[in-house]
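Quick look at what TrEMBL lists:
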TRANSMEM  33-53  transmembrane segment
TRANSMEM  65-84  transmembrane segment
TRANSMEM  90-115  transmembrane segment
TRANSMEM  127-149  transmembrane segment
TRANSMEM  200-222  transmembrane segment
Amino acid sequence: MLFVYGRLLSQPLVNSVTPEKFLYQFVSSLIKYQMAICYFLYIAGFMWFILTLKKNMYKYQFRQYAWTHMILIVVFTQSSFTVANIFEGIFWFLLPASLIVINNIFAYVVGFFFGRTPLIKLSPKKTWEGFIGASVTTMISAFVLANILGQFQWLTCPRKDLSTGWLQCDPGPLFKREYYTLPGWISQWFPWKEISILPVQWHALCLGLFASIIAPFGGFFASGFKRAFKIKDFGDSIPGHGGITDRMDCQMVMAVFAYIYHQSFIVREGISVEMILDQVLTKLTFEEQQTLLTKLGQILQDRLGHS
């Protein structure tokens, strides 16, 4: 947890820390050596595990060791992508999560009323009719929801620090409306001559497609796992939480995809002011930052003098 969340929260922590010199240097050192600290903590745990091995309990202890790693990878590593999405803007957390909920609801509703053809043996109650009906509904919902959520800056602005409160920022081209003129034959039947669309709505269709086709396989994975170990549900031991794990697996898969998609196709390439500032704050000492500021001021004064 310290490794995966620490890498995500390092820059917001630097932006939030008090300007007091000692505390700033302490936090900067923790961030700089975070990977080494996490590695040696893991090695310490590994050595502790070896030293506590007991005769006639080897198999049980190694099984627990393996389960611990599986939980860390499946739960904490994937959930860290959810946190990363929130810092990119609540929009990138709320939209994918909502699409999974919508897909699950309509897969059940359409399958209940119209389902006839089984979809997969791992989940006998899942049907092709429910799968297709939920896919169509999810795609439409993605397009509409992106238009609604994209209107609010407090949902679309990225969080740069650990403070709370409303956010205001330049929404960027992704959340600025583009207007399209409709063909003449459409305006004859409907009162609209043009429509406005947020560019993010086209990206929302990709998220909707993934939530419809790929994300349900996270639930199928959970179903197969339960059948392999002959348990009804992971949540049976928690009253009122039966069946929750199938939906959690879908949400985890969706969170990872939303983060990868955002970083690959949404984030602008190249060097930005934020990237340079991040390097300055995390890689340079306080004295080096002062030197950089002084030299940068001199360069700007020289340029202004020549102009």
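Easy rule for this one: first residue shown is 1, then count along the chain.
Cβ atoms here come from the backbone N, Cα and C positions, even for glycine.
TrEMBL does not curate its annotations; it predicts them automatically.
Outside the transmembrane segment (200-222) by six or more residues, the chain places 91, 95-96, 99-100, 102-103, 107, 120, 122-123, 126, 131, 134-135, 138-139, 141-143, 145-147, 150, 174-175, 234, 245-247, 249-254, 257-258, 261, 265-266 with a CB less than 8 A from a CB of the stretch. Proximity of distant same-chain residues to the transmembrane segment (90-115), defined by a Cβ-Cβ separation under 8 Å and at least 6 residues beyond the stretch ends, is recorded for 82, 125-135, 137-138, 141-142, 145-146, 149-150, 154-156, 200, 204, 207-208, 211-212, 215-216, 247, 250-251, 254-255, 257-259, 262.
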